[in-house]
Amino acid sequence: MTDVEARLAEIQRTLNRLGENVEQLSQTQKFRVAESNTAKGNVFSFGDDENEERGNWTGRLDFLLSCLGYAVGLGNVWRFPYLCYKNGGAVFFVPYVIMLAFVGMPVFMFELSIGQFTSSGALTCWKFAPLFKGVGVGMVIVSGMVGVYYNMIIGWSIWYLISSFINVKDLEWSDCDKKWNNPNCTGLMNKDAALMCNSSIKDEGFDNISRGPDGWCYVSRNLTFGNFRDTFHNVPIGIYDKDLHKALKTNHENHTKMELPTEQYLYNYMLKRNDFENGKLVTEYNMDNFGSVQWDLTLAYIAAWIIVFLSLCKGVKSSGKVVYFTALFPYVVLIILFVRGIILDGSKDGIDFYLINVDTSKLEDSVVWKDAAVQIFFSLSAAWGGLICLSSYNRFHNDCLRDTLIVSIGNCLTSFFAGFVIFSFIGFLARETEQEVEDVATSGIGLAFTVYTYAVTLMPVEGLWAVLFFLMLITLGLDSEFALVETVTTSIIDQWESSLRPKKSLVIFITCVVFFLLGLPMCCNAGGHMLQLVDTFAGGWNVMLIALCECLGIIYVYGGFRFCKDIKIMIGQSGCCGALPWECCKFWWLLNWAILTPIGVLFIMIFSWVKYERATWDSYVYPDWAQALGWLMTLAVVAGIVITPIFLAILAIREGKVSFEYFYVK
């Protein structure tokens, strides 16, 4: 190296140090301004905004409740209880908590800190390492896809809410005599079926009583479905031999499956997945027979998008007020349902299945650990970009570590409590339908719109509780939907700030319209199949890849100790809720970010590939072309991560910015 080159290198190092000093002085000044503005506020609200262009949260609890509402969503109500049933009962809580500590909370803290320090969305927070901007692109794609189908579920809840108002005295899904019902409805069962089958005692209205080879008792009887009445043969009315029925189910042989009236209402009437006429199946819709757009579902979907737009049109100033209701109301309804559930006959069977009759051998199964990690990402909404977006509106001195602990632990406890609620009702339903608890427990839509909905019919003044329950589902979904849409719009506006910031409401409106059009196929007869496909592929291992890239970008490119120094500038020495100063507890977070979290995420990704199974919904297996469509959704996120840095590199070369530092750290 020549003397000139050595001198230039020394000048460059000096400039870098000066740049770091300027950055620290800037952040210190920002911190002082934050304290000054905060002092102007009161116990419930802050003073003036620190960032006048972007705006900040107004109330002191706005961010915390928005974050809690974003994390605590519909998945806590239906997905976690089902995974407990599938993976050994409450023993599933062990890997769940471990994955929360070593994977979920570190990523959560990671994203809150990035968003708060940079005051930028998922696309523009990567200025320190431009090549990692593709991670932000991947986040926006994930949030967009999830936002499209998530609002469809809110649309379903709006449908049920309107139906509850219209039929407040007699809910349509409480009986088995409607035009969409069939002879396999549980409301047609008879508690004396075993006695009648085993002793050949005839009951009024029943003819040709016989014992089936599957353990069920069958009869011929007159049934009414809507305005049609006829005699139906081989109608199942109960189980006369539980051991025989259980043996057939265990061996995966054909056996009769009874359906709750709420299940037949959901699939045969609301979604119109099946067309029943005079108690008999006429048409079954699926991905190969998609059907047509249902105008009533479409109107409910439009209503959901109107609510989202009106809540977000003024940014965090409007959504920050809505969350005070949407984040807290679900807990009120869950507590009421819990009190009602535990006094039902058979509720103890369900709770025992959930909490006491656990299978500890499941801890040796790697699938259980994979399910726990995936559920952590799903329930915390980590690596979707929403946490970065929400925290970007924080004031600079906000204690993001405190918020991480409160939200992540609160989310975990909510899932655990929801398990008590659902399994108390599942135990009751198992006894009512003469089935085992594991036969009643189902995943996904089945829990929210069949089991919970049937539970509402058991409440006094069922119409009133139906209204409250579906309001709960809507509020649970809206919190998450707000953050998903806000992630997309904030990222777009931050990217083209000068031209789009004054037109924020227009950007939100256009985004809502585009997302509505993308979700329109879910309003068809087979829309439920499409929703399930997007749910399976949109937020799978591709989200793990985003989390892995985040760890690599911050810890090994920007610098782990440098990142901890930035956090200290924001939160001071408050540390872990005042228990330990940040200088002590930062090593725990560094250990996770640098080693444990990347290893855990990498394990989940690899295991997801090795144990890959074709997408299904109930007994329906998606055709090859639908599987390929799902993989395209997954790979769209990967493409965003990979193609973006390649594009930026080509652009930089064309502009003559080819120095290594351009792609490394700014």
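Note: Cβ is positioned from N, Cα and C throughout, glycine not excepted.
What you see is a predicted model, and the numbers here were worked out from it, not measured in a lab.
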TrEMBL annotation of transmembrane segment - which of the ranges 63-81, 443-461 it falls on: 63-81
State the Cα to Cα distance, in Å, between C176 (disulfide bond) and L476 (Na(+) binding site), rounded to an integer. 30
The transmembrane segment (630-653) touching the transmembrane segment (590-610) per 3+ Cβ pairs under 8 Å rule: no
Touch test for the transmembrane segment (630-653) and the transmembrane segment (135-162), at least 3 Cβ pairs under 8 Å: yes
Between the transmembrane segment (322-343) and the transmembrane segment (405-430), do 3 or more CB pairs sit under 8 angstroms, pairs being 6 or more residues apart? yes
How many other Cβ atoms are found within 10 Å of the Cβ atom of G69 (Na(+) binding site), counting all protein chains shown? 29
Pairwise CA distance, G69 (Na(+) binding site) versus C185 (disulfide bond), rounded so that it is a whole Å: 36
Among the disulfide-bonded residues listed here, C176, C185, whose Cβ has the fewest other Cβ atoms inside 10 Å? C176
L476 (Na(+) binding site) and C185 (disulfide bond), distance between Cα atoms, whole Å: 30
Check the coiled coil (1-28) for me and report the mean pLDDT. 57
